[in-house]
Amino acid sequence: MADPSSFASPEKFNIKHMHLKLHVDFTSRAIAASTSLTVRSLQDSLASLILDTKDLTIKKVAVNGKDATFALGTTHSFKGTPLEITLPFSLTRGQEVIVEIDSVTSPKSSALQWLNKEQTAGKIHPYLFSQCQATHCRSIIPCQDTPSVKFTYYSQVSVPKELMALMSALRDGELSEQSDSNRKIYRFKQNVPIPSYLIALVVGALEGRKVGPRTTIWTEKELLEPSVYEFAETEKMLKYAEDLAGPYVWGQYDLLILPPSFPYGGMENPCLTFVTPTVLAGDRSLASVIAHEISHSWTGNLVTNETWENFWLNEGHTVYLERRIDGRLYGEEFRQFKALGGWKELQNSVNTFGATNPLTNLVPNLHEVDVDAAFSSVPYEKGFALLFYLEQLLGGPEIFLGFLKSYIQMFAFKSVTTEEWKKFLYSYFKDKVDILDKVDWKGWMHTPGMPPVQPKYDMTLANACITLGQKWVKATESDLGSFSADDVKDLSSHQLIEVLAILLLEKPLPVSHVKRMQEVYNLNDVKNSEIRFRWLRLCIRAGWEDVIPLALAMATEQGRMKFTRPLYRDLYNFEKAREQTVNTFLKNRSFMHPVTEMLVAKDLHISAS
């Protein structure tokens, strides 16, 4: 299956191993890389290789130690520039060669965010982190930047000696750099084959604390205590995940808590999950982000979508496993409650994109579509809804878990397509083919909008949320006195999130209602980011001008796209806030992550910088 998001030709050759030497330079904001690729030919008379690059300067290419000619092709607006290497001799099928490439990144590499010391918690040292998913590894090193190709890697990273480097691999020691006493070299090895999007690097003033037999938490020292508290249950989650999905093959499961500009909730980099500090709620209520990233150790990292059009295979299964872990930790009613909340998230995404937008297909066509622009909760929640629906159809949670375990065993260390997944589903449930044949596969997979069927949910925990939400929707001015702090005193933070999510799917409330809500529930002071985000959106939609500064503060003080993009969009759509919103973005854009900055600029109809 051709990957529309890559120039590389995985049907002609595969990278089997990578040896990286990286030199991180904070002054020039560049990484100089010497990349050694072990390449295996998949055909006879292979005379050239095409690799993905983006904003890279290629200094030199050698094949088996001999200089090789190379040329950069035409640059594509978001795919980057193909690098064509002419081999000094043609390869036969199965033959391997070592391709060495010296390159330097651009300061505007889309995979890297360089933070100056003022943007860190410690305010003393600069900081660098990478985010390669989906198609940004090519802006660090030349590679086959497609999830269909997996390889092992070894790496040596040179950094200023007062800083520490970590990668998505096991640590393999450190040493002083011989040629420069001000620098240090950190070494890493990843012996499990991974796709390029799982290469990850962080460099900063990091400290670590062991919180379990295979988990160390890494962060700046200022965030270490709250992080250690928040993620104390990591080993318990790992054990539940192993019970559900099979043995954990990666050895170490460390967590890195990043500065606030990190664009995602978490990133499942092997051996070292990257986590947003916005989940530091102080009460462990948002730790399910960790259950999600742990689950990726099986669905995503071990069994990988072959192209980004099949992204739901990574995310739908991972959300399914995450909610099974939630069920083990907090009970089946909670799993069902989270599943229902996911359906509302899906409705939100469909409303944002539009119900006829082809990007709301479970399996979208990404030909000439930037994967970052296509990102939404659709692959997560439509994918989960399909699996949850199949669980109910095929005999319940335990029976469906048997399928999931077998699927992971069958496709471990490989990349997989939706067709292969479906074929395996049919072969596993061969005695239930008549049931499977009744599923509207076209409606689920290749049709935009909401799914053709809604699964059934246990409503025990949701009913109180629906009742309170509807009370606010139906309330007239004279009813507002009937609300009090008692309304929410028995609700968990998850239920309060759900009340606000229900209200966000309704018509905007009058300003009088949100003002009263603030009087009785004091939501402006809530620190939980998921509650705060929905509350501020509700107020902006109601047209309450007092919250404009609070919403702008949340949009700029952290950079998690799940929060930043909708807040900026809602503020832009609020006439009275528009000018201030655009000015705030223009003032802050140089401090933003490159992908976040590009997408928010698009949301605000501002041209790229």
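Cβ coordinates are placed from backbone N, Cα and C, and glycine is handled just like the others.
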Zn(2+) binding, same site as HIS292, HIS296 - Swiss-Prot member from GLU315, GLU332, GLU333: GLU315
Close in space, distant in sequence - GLY559 (site 'Pro-Gly-Pro binding'), Cβ under 8 Å, 6 or more apart: PRO260, SER261, PHE262, PRO263, MET592, HIS593, THR596
Cβ-centroid neighbourhood (8 Å) of the Zn(2+) site, HIS292, HIS296, GLU315 excluded: GLY266, GLU268, GLU293, SER295, THR299, GLY300, ASN314, THR318, VAL319, LEU321, GLU322, TYR380
Integer Å distance between the CA atoms belonging to GLU315 (Zn(2+) binding site) and TYR380 (active site, proton donor): 5
C-alpha spacing of GLU293 (active site, proton acceptor) relative to GLY266 (peptide binding site), in angstrom: 7
HIS296 (Zn(2+) binding site) in three-state DSSP notation: coil
Count of other CB atoms lying within 10 Å of the CB belonging to HIS292 (Zn(2+) binding site): 24
Cβ-Cβ neighbours of GLU293 (active site, proton acceptor) (radius 10 Å): 26
Distance, HIS296 (Zn(2+) binding site) to GLN133 (peptide binding site) (CA atoms, angstrom): 13
